[in-house]
Amino acid sequence: MLAAEKRRLLHKTRPVSASEKPGSIYPQRALYLLVCFSIATISLGYLHFIGAIDIGRFGISSVISDLTKQDAVSEPFSLHKEQTSSVHTESDEQTFELKHIFHHGTGPENYRLHRRLDITPSYLAKHSSYFADFSQRLAQKRDDSSVDSENLEDIYNLMDWPDVHKHKNPFTIQLPIKKDHKKGKVVRLKDRHEPGFLDSYLSYALQVKGDPKILNRIALEWEDEIEIDIPNMKDKDTLVSLATISSNAYVKFPKDENEKNKSDWIDVGQWEPDQENVDLNFGWEDIGLRGHVFVSKDNKTVVIGIKGTSGAGLPGGGSDETAGNDKDNDNLLFSCCCARVGYMWTTVCNCYEKTYTCNQDCLEKELLREDKYYQAVLDLYRNVSAIYPPETTNVWVTGHSLGGALASLLGRTYGLPVVAFEAPGEMLATKRLHLPQPPGIPKFMENIWHVGNTADPIYMGVCNGASSTCNVAGYAMETACHTGYQCVYDVVTDLGWRVNLLNHRIHTVIDDIILAYNDTAQCIEQPPCRDCFNWRFTSHDDDVPDEPEMPNPLRPKPKPKPSSSTSDGKNNRISSTATTTISPTSRKADPTSSDISEPSESPKKCLERTWYGWCSKWGYDGDVDDDQ
């Protein structure tokens with residue numbers, strides 16, 4: 001070790017010889033160039049003397065210049081290439097800032113409410129004192145020592161603004177994002193932006209239960225394959241900026257003293273203020289879905305950040321915001337059957353039938369209800385696209401946790417690039433919604449990336465079971481399968497982390513994972529995966545019989561249908577189902593006869609059972625135990 005360090009220091013401090021100085025031409029090379037030049041001159045002069053060539057056509061001066069300046073040109077050329085590359089990279093980078101906040105109401109009473117808040121210079125000046133105090137609180141040192149890592153509600157209520165931006169105001173922050181120099185490819189529905197088109201398609205797909213044979217008869221019109229801008233998933237700063245937008249969606253906005261007037265907000269939905277019912281005008285922001293819209297300087301690219309599960313809000317006063325609705329939608333999207341984990345659980349829908357049996361039709365209808373988050377996120381996108389036309393604007397979607405799953409569902413519906421952070425598995429919800437997909441689309445054209453880490457139990461799909469933290473908090477997070485690409489940081493192997501709910505926080509993802517690694521995680525396709533494999537999903541209003549019941553070892557096997565066996569003359573038995581019953585005399589057949597009849601091999605009842613109830617011996621009523 002010391003010898004190597006010594007050699008390094010000696011090499012560093014030794015003088016540079018004259019032959020190593022850049023641009024110097026030592027005598028050996030000068031002599032070599034002189035000899036070559038002399039031979040070339042004599043040869044060309046001889047050829048010109050005999051009239052074979054014309055020296056003027058060769059440009060001898062340029063040849064000499066190239067020979068003498070070869071070393072000097074090579075180095076500046078490489079630098080020029082690097083400069084050209086850097087200029088190309090800089091052109092791919094744009095700066096984004098918050099322009100709008102959309103709030104869409106949910107629930108039976110507020111689902112028609114939809115409002116927009118524009119972040120203008122006048123709005124920032126109006127609430128300057130609030131933002132000054134807000135920035136000071138964000139700059140304070142984070143103290144998570146008293147947090148119970150086994151309490152999901154405590155973790156959701158932690159301040160989750162990343163340390164890398166702790167001195168910046170979330171409402172005025174500017175974030176650099178690079179687009180990939182390689183375009184993404186996509187195939188989209190031609191009429192996806194026509195009013196009512198997607199709603200009618202999803203409703204019809206629900207009626208036919210997503211049967212591809214029936215849906216293919218509709219002959220949906222798909223656009224030709226086109227190239228679109230996608231985020232650079234290999235750029236660390238881009239990932240940090242997108243994750244920060246996801247974190248920004250948790251920020252609580254300033255509230256006026258006279259909350260009823262809401263002079264800063266603009267109604268963009270069907271809801272109209274009801275002066276007689278004050279409850280609809282007060283506290284409306286506590287129920288619903290929120291999206292923060294960041295726009296590039298040239299207004300050509302828009303990034304929508306979908307808010308995740310509350311409790312992870314930043315300081316700013318107010319209530320727990322959308323916690324109640326978030327929990328209901330979590331349990332609807334990511335559970336096998338309405339969060340029916342045990343008999344003491346209160347389900348979020350009435351689709352449960354019996355043990356490990358659920359009504360599939362009921363589940364699909366619940367997901368498409370107008371007062372649920374999927375319809376809300378579709379309406380939110382429609383209002384964003386009304387301001388920024390999709391024909392001239394690139395729209396990307398991002399989100400954390402529940403927001404990431406909703407972003408994935410929205411992106412798959414409209415063909416938008418999506419980057420989701422620590423989202424629970426949304427493949428099950430995608431199948432239940434019967435989202436439209438172009439036939440034969442390859443994985444690389446989905447443009448959906450899920451960023452996660454192996455120490456997050458929610459992303460990995462292991463936060464379930466009777467003793468899990470999610471279960472104790474009332475969250476049925478039973479899905480593990482994602483769509484699109486998975487970009488997973490293996491912090492358990494690389495950093496020795498343990499699985500903990502604190503690793504689900506967006507602050508941890510930004511400060512301790514993305515920025516801690518030298519390179520971004522490799523994105524791979526989702527391996528074959530299936531959620532809720534032990535559940536039986538039924539449908540009672542179709543002509544196709546339901547799936548057969550799962551075998552029950554505690555129940556005697558049914559009596560088989562009688563069958564007769566005949567010989568084909570080659571000692572091969574041929575069985576055929578008979579419609580008549582077998583007579584008792586058929587058991588005693590003539591030994592000389594080629595037709596042989598035997599009782600069915602399947603027993604009729606259980607003769608012996610083990611101590612835990614498994615049948616160990618089957619037989620008929622009149623059979624006697626051989627051991628007796």
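For all residues, glycine too, the Cβ spot is worked out from N, Cα and C.
According to Swiss-Prot, the active site, charge relay system annotation covers S401. Taken from Swiss-Prot, the feature compositional bias 'Low complexity' applies to 562-586. Among the features that Swiss-Prot reports, compositional bias 'Polar residues' is placed at 591-600. The feature N-linked glycosylation site is assigned by Swiss-Prot to N261, N299, N383, N518. The annotation region 'Disordered' is assigned in Swiss-Prot to 540-605. The topological domain 'Cytoplasmic' feature in Swiss-Prot is assigned to 1-32; the stated evidence is similarity to another entry. Look at Swiss-Prot and you will find 54-628 tagged as topological domain 'Lumenal', backed by similarity to another entry. Swiss-Prot lists 33-53 with the feature transmembrane segment.
Everything Swiss-Prot records as a feature, shown here on the structure.
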residue : record                           : Cβ neighbours (10 Å)
N299    : N-linked glycosylation site      : 12
N383    : N-linked glycosylation site      : 18
S401    : active site, charge relay system : 28
N518    : N-linked glycosylation site      : 5
Average pLDDT across the topological domain 'Lumenal' (54-628), rounded to a whole number: 77
By Cα-Cα distance, the member of recorded positions N299, S401, N518 nearest N383 (N-linked glycosylation site): N299
Integer Cα-Cα distance in angstrom, S401 (active site, charge relay system) to N518 (N-linked glycosylation site): 24
Length of the line joining the Cα atoms of N299 (N-linked glycosylation site) and N518 (N-linked glycosylation site), in Å: 32
